[in-house]
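Annotated features in TrEMBL:
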BINDING   Arg122, Tyr124, Leu139, Lys141, Met148, Ser149  FAD binding site
DOMAIN    71-173  domain 'FAD-binding FR-type'
Amino acid sequence: LQTMSGNEDDWLALKPQEPSPSQCCGSGCKPCIYDVYEKELAQWERAKAKRDKSLLVEKKEQSSNSELNPDTFTAFNISSVEQLTEDTYQYKFELPGNSSLRLSLGQHIVLRGMVNGLEVQRAYTPISPGNAEGYFEVLMKCYEAGLMSQYIKTWKKGDMVFWRGPFGGFPYRPNKHGELLMLASGTGLAPMLPILQSITNDEEDETFVTLVGCFRTFDKIYLKPFLQDLARYWNIRIFYVLSQERSLEKLPWSYQENTYIGRLNEDLVKMIINSCRRKPFVLICGSSAFNEDMSRYLKAAGIEENSCFVF
C-alpha cells in the first residue's frame with residue numbers, strides 16, 4: 001500500500017499547475033496560457049491513466065533553440081538597454097545567426113516574469129521590422145507599482161528573458177486602404193511602427209498615413225528622430241497631442257504646427273479625419289480607457305466599426 005500512495009504523490013507532483021490570473025496577459029492570445037494548461041492537463045490525465053510517465057516528457061521543456069513558439073517560452077539574450085525617457089526603455093534581444101522573428105505586422109509577443117515568486121505575463125509588440133535579422137527590439141514603459149515593471153527594472157545586458165508568441169496582428173496589405181489613421185497613446189505607438197516602416201520601405205505602397213501620437217509632455221515623446229524621419233515621406237503625416245504641456249511656444253519650431261495641447265477629444269478627432277485625403281481605416285492602440293474613448297469619437301465622426309482595428 002505504501003508504494004501505491006507514494007506513487008499517487010509522484011503523479012500529483014507532476015500535475016500541471018492551473019495558471020493564476022496574473023499569468024494571463026489579457027490580450028486574447030491563441031493559445032492563451034489557459035489553453036496551454038488545458039492541453040497539459042489532458043496530457044497528464046492520459047499519462048496517469050496509463051501509468052506511463054514517458055507520455056509527459058515533451059510537457060515542460062523550455063525551448064533553447066531561440067525559435068519563437070506560441071506554446072512554450074524561449075530564452076532570449078538582452079544585447080542592449082537604452083533609456084528613452086524617465087520611465088521608458090528600449091531593449092534589444094539577440095537572435096541566433098541572422099535569423100528573424102518573422103512577425104507579421106503589429107503582432108505581439110508575451111513576456112514571462114518572476115516577481116516575489118509570482119509569475120506574471122504581459123504582451124508587448126516589437127518595434128523592430130518583422131524581418132530584422134539577428135535581433136528584435138521592444139519598447140517598454142515601467143510603472144511605479146507594476147509587477148512586471150519591477151522585474152524589467154532589474155534587467156542588464158547579457159540577461160536571459162523568456163518570450164512566447166507571436167499572437168494577434170493586423171492583417172495589413174499594401175494599398176488595401178487609401179489612408180490609415182493611427183491613434184496611439186504612449187507605448188501604443190509600438191504596433192504602429194512596423195506598419196509605418198513597411199509602408200515607407202515599399203516604393204509600390206502608396207497608402208497615406210496620418211499618425212496621431214498622444215503623450216503627456218514633449219519630453220515623453222519616444223523615438224523623436226525616428227518619427228521625424230518618417231514624417232519626411234510624402235505620404236506620412238504625424239501629429240502630436242500633449243495633455244500636460246502648457247504652451248506651444250516652448251516646443252522646437254519644427255513641432256509647433258503639428259502639435260496640439262490638451263487631450264485628443266471628439267472635436268480634434270473629427271478635425272483630423274476631415275483633413276485626411278480619403279476616408280481612413282483607423283488603427284487604435286493605448287490603454288483600455290483610451291481605446292474606448294477613441295472608438296466612441298470615431299463612431300460620432302461617422303467611422304463604422306468595420307473600418308477600425310484595436311490592438
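Every residue, even glycine, has its Cβ placed from backbone N, Cα and C.
Predicted, not measured: the structure shown is a model, and the values here were computed from it.
Long-range Cβ neighbours of Met148 (FAD binding site) (same chain, at least 6 residues apart, Cβ-Cβ under 8 Å): Leu111, Gly113, Val115, Val120, Arg122. Within the group of binding-site residues (Arg122, Lys141), the Cβ with the highest number of other Cβ atoms inside 10 Å belongs to Arg122. Apart from Arg122, Tyr124, Leu139, Lys141, Met148, Ser149, the residues listed for FAD, the same chain places the Cβ atoms of Leu111, Val138, Met140, Cys142, Gly146, Ile152, Thr187 within 8 Å of the centroid of those Cβ atoms.
Residues near Ser149 (FAD binding site) in space but far in sequence (CB under 8 A, at least 6 apart, same chain), listed by position: Lys141, Cys142, Tyr143.
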